[in-house]
């Protein structure tokens, strides 16, 4: 009896294990894992925020309030960068704005944790001083020449232009405010949502060089890679070393992703920050980064040239690179683009295994 009972228990255990394996297999069949990769400042985290807005319930009032200290840091840090840049370029501010400049330097000299706790909200008086600085001719000139002295976030003008609203006592961050915030991504962050009966896992990993060693831990069971490139940063240098061109770094990283790490995985290329690129190309020729480029300061020619540079990297003939021009802060644009991405992924899955019949 003891032997029979033991045998039956063993069979039950095996059955439970098999059922568990089958359940997990079916779960994975109904799950799409998108790995969001790209160099730093390419807009990956903004894409993740858009998925929460579009495919989840968006941000609650409490969640919006949590962004206020981040917005404060962005405003203060960005203005400090401009003031320091003025010093490097030998510029001066209007004497009437001296107190405002001192205020910025004092606040940003505090440790980040103290500033976040004590200055989670800027008051109206501080807002007026920041607004005065933003309209200062010297600060405006430094803004135009920012690429000469720093990697100033491209969202800086957005926050300065909105300073009155953001320092109101009743201020609650909007979707656009949240989308424009900049916090360096560290570690791995997941955004989960459903479209129909299919579960999506969007995995965002930090893009700075120090964060890329964490990418390997996310490579299992990837359905497709979404690779983000900032079109507008073709003339800027990396935050990490201030000597490597950002576009050339993106090309190098894309080569590793396409030809080494994900040879058999669909890759969707987001050529991001198209709005900023459209304006910049009018003033900064793409040939400064790519001397062989002869298309002049034409948006369509320049964006197509960059797209083709990435396409040419692919060494696997049977693998297509799907590309989209994107503006990560434009919710309507990302909604339309992601519909196309969804169709690409579903088609690939059907062709490969008939999972979503």
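Heads up, the Cβ atoms here are built off N, Cα and C, so glycines get one too.
Marked as N-myristoyl glycine by Swiss-Prot on the basis of experimental evidence: 2.
Per Swiss-Prot, S-palmitoyl cysteine is recorded for 4.
The domain 'G-alpha' feature in Swiss-Prot is assigned to 30-356; the stated evidence is sequence analysis.
For the region 'G1 motif' (33-46), DSSP puts the residue distribution at 3 helix, 6 strand, 5 coil. According to Swiss-Prot, the region 'G1 motif' annotation covers 33-46.
Swiss-Prot lists 41, 42, 43, 44, 45, 46, 154, 179, 185, 207, 272, 273, 275, 328 with the feature GTP binding site. Sequence-distant contacts of residue 154 (GTP binding site), defined by Cβ-Cβ distance under 8 angstroms and a gap of at least six in the same chain, are 232, 273, 276.
Summarising the annotation, Swiss-Prot assigns Mg(2+) binding site to 45, 185. In sequence order, 183, 185, 189, 204 are the residues near residue 45 (GTP binding site), counting only same-chain partners six or more apart with C-beta under 8 A.
Annotated phosphoserine per Swiss-Prot: 113, in sequence order.
Look at Swiss-Prot and you will find 177-185 tagged as region 'G2 motif', backed by sequence analysis. With a cut-off of 8 Å between Cβ atoms, the residues of this chain six or more beyond the region 'G2 motif' (177-185) that come close are 40, 44-46, 49-50, 53, 59, 64, 67, 70-71, 74, 153, 155, 158-159, 162, 166, 204-208, 211, 328-329, 331.
The region 'G3 motif' annotation in Swiss-Prot covers 200-209 and rests on sequence analysis.
Within the chain carrying the region 'G4 motif' (268-275), a Cβ under 8 angstroms from the stretch's Cβ atoms is held by residues 38, 42-43, 47, 154, 224-233, 254, 303, 306-307, 310, 321-330, 337, 341, 344, all 6 or more beyond its ends. Annotation comment: Swiss-Prot describes 268-275 as region 'G4 motif', evidence class sequence analysis.
Within the model, the region 'G5 motif' (326-331) shows a mean pLDDT value of 98, rounded to a whole number. Here Swiss-Prot flags 326-331 as region 'G5 motif', drawing on sequence analysis.
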Winner by Cβ contact number (other Cβ atoms within 10 Å) across the binding-site residues 185, 272: 272
Coarse DSSP state, helix versus strand versus coil, of residue 272 (GTP binding site): strand
